[in-house]
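Enquirer: What TrEMBL records for this protein is below:
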ACT_SITE  ASP192  active site, charge relay system
ACT_SITE  HIS233  active site, charge relay system
ACT_SITE  SER409  active site, charge relay system
DOMAIN    486-622  domain 'P/Homo B'
Amino acid sequence: MADNCYAGQTRSFSRALSYILLLTLMSWDTDLAGIRTGSLLVSAAKKRVYTNDFLVTIKSAEPSSNHDHADWLAARHGFENRGMVVGDEGLYHFRHRTLDSASESPSLRYIWNLRLSPKVQKVRQLEGYGRLKRGHNKVKVGAYQGLDPLYPYQWYINNTAQAGGKPGLDLNVQAAWNMGYTGKGVTVAIMDDGLDYLHPDLRDNYSPEASYDFSSNDPYPYPRYTFNWFNSHGTRCAGEVSSVADNGICGVGVAYDSKIAGIRMLDQPFMTDVIEAASMSFKPNLIDIYSASWGPTDDGKTVDGPRQLTLRAIVNGVNKGRNGLGSIYVWASGDGGADDDCNCDGYAASMWTISVNSAINDGETALYDESCSSTLASTFSNGRGQRAGSGVATTDLYGQCTLRHSGTSAAAPEAAGVFALALDANKNLTWRDVQHLTVLTSTPNLLHDDLHRWQSNGVGLMFNHLFGFGVLNAQKMVKMAKTWTTVPPRFRCEAGVVEQMFDIPSDGVLELTIDTDACDGGNNHVRYLEHVQAFLTIASSRRGDLTINMTSPFGTDSILLNRRPNDDDSSQGFRKWPFMTTHTWGEDPRGTWKLRVALNGEFPQTGRLLRWGLLLHGTQQAPYIDEILDGHNSKLAVSKKLEFAEGILHDLEDSGSQHP
Ligand SMILES: [Ca+2]
Ligand SMILES: [Ca+2]
Ligand SMILES: [Ca+2]
């Protein structure tokens, strides 16, 4: 295409020429919103609002090629081509991906960028104005009004202590809505037992094209009827994400303008690798976020994960989904309680899923909550006890509403909703960006556990074995998402392996170490950690009595495996099982890693470690160097301080100075 060569030309334009061009451009578009022809004056008489929407007129010899050109042009300049307008092959609606949805002055830079294409005849940035719903006076456009009957019960959205909870212990969603982020243009799929897409509080947001029924192999994921409403799970999860706002029905979704899709895949006698794989790779360019509130049996004695096809589907999803930005998989950490460990659940423990634990409305964990070091963050499930209104209020089967949704099942869709808000703020976020944002903006808030206290890792990030990096904070996340620069490329370093048989003492601890340079000097050097995996092969006379801890060179201790009293396996053990920790996020992995394996049971047992492989994942460049500091005490400030120090150290090294 001839247009492809103008990139080089643009770079060589002198500043003077650019200025002339800008003036020409401005006088050319007499209807350029808010600018009087030939002058930079913006009308002062009445305040104008400029949106991030642009009308672009394309004229070319072959009108049929206009659409391709529009796509190309949009992608090149950070816009989303939202398609042809009013059936005119020359007229396209572009929305800028990062520009504010409301600004006081027009965005000349973007207009100019588009106008540089010879095929573009006219560019108009659309003004915003109000339209009031008749019968509703003094409505602030876009603001949620609280007209849904269950809204007062949705303490996870706005905790005012209504169900005996702690005020302020919520997802801080409303502040994100007030900034204009409601999940617009984002599609969330609920992989579950179906979705009541006729529900009056869901049908307007339902996306039939992103939905499918893999249990019955048809395009209609409607839940199968049972007398006890067993198949209400998916519908309840969907309502948390995408219930319509202010329609007087049930409650409001965390991302109430998002599209919701149903992937029915849990309602058949047996799960198969094909059904899981097909579900997780369904419409990867249409679905942004997949929410899963299921996994291997939470009986505290299962060690299981995705099989071959499903694993391939997940890897494909994060690498190719969302047109290369990566599908976002959100996972409930599990309902197995203190006797289970979500690191034995290969879906939750995967680096490619964001696994979410839940807290209850007083900041503690529920009895069914499962903990593990791979959990990234937390949202909310039900409140303490049987108190009325303390459950999660959401939609239910057959047009009904419920106040009783619960479990970590309830937690994953809430996270999916918050991530939909983040994608609304910035459509260019990759799957890793979403994880970084989660780490940086989640907060301990009022979350507390007597046994597992909050700790600070080697770069000052607060983490907790139960809650990960804390409870999601929608406002903080959209704010940071808006100006976020995609993190640098990710590398994978095989840091070391111990391949020798060691007995695990029945009355002591087996301690092993790996010294690593984290592939320093190689192409795959990892300097700033994301996920760390320990692939362990261990045989034991009672698998459930094993406990495993791993300590980073900074001294950050991750509990890779807690005791599981119900797991009496004596034959399978762990075979190259990928235990994962997120707790060392941001740390420099060079140095000595320690592994401690012990047997803690009622009776003496025997065990042997046969292999420990340490795998590091992360970046070579500092991931947050381009971000704007948002307050001195923020987590970003803490981890940046280290990056800056590193930068100075690096400069010193480069200049040949010695330092201790
Ligand atoms: Ca069906
Ligand atoms: Ca509603
Ligand atoms: Ca489990």
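One is the number of the first residue shown, and numbering goes on along the chain from there.
Including glycine, each Cβ sits where the backbone N, Cα and C put it.
A TrEMBL annotation is a machine prediction, not a hand-curated record.
Please situate the listed features within the shown structure.
Expert: Under the DSSP three-state reduction, ASP192 (active site, charge relay system) is assigned to strand. With a 10 A radius on its CB, ASP192 (active site, charge relay system) counts 29 other CB atoms from all the protein chains.
In sequence order, ASP192, ASP193, LEU266, SER293, SER409 are the residues of the chain that are 6 or more apart from HIS233 (active site, charge relay system) and have a CB within less than 8 Å of its CB.
In the three-state DSSP classification, SER409 (active site, charge relay system) falls within a helix.
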Enquirer: With DSSP as the reference, give the number of residues of the domain 'P/Homo B' (486-622) in helix, strand and coil.
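Expert: Helix, strand and coil residues of the domain 'P/Homo B' (486-622) number 3 helix, 74 strand, 60 coil.
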Enquirer: According to DSSP, does HIS233 (active site, charge relay system) sit in a helix, a strand, or coil?
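Expert: The three-state answer is helix.
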Enquirer: Using all protein chains in view, find how many other C-beta atoms are within 10 Å of the C-beta of SER409 (active site, charge relay system).
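Expert: Summing over all protein chains shown, SER409 (active site, charge relay system) has 25 other Cβ atoms within 10 Å.
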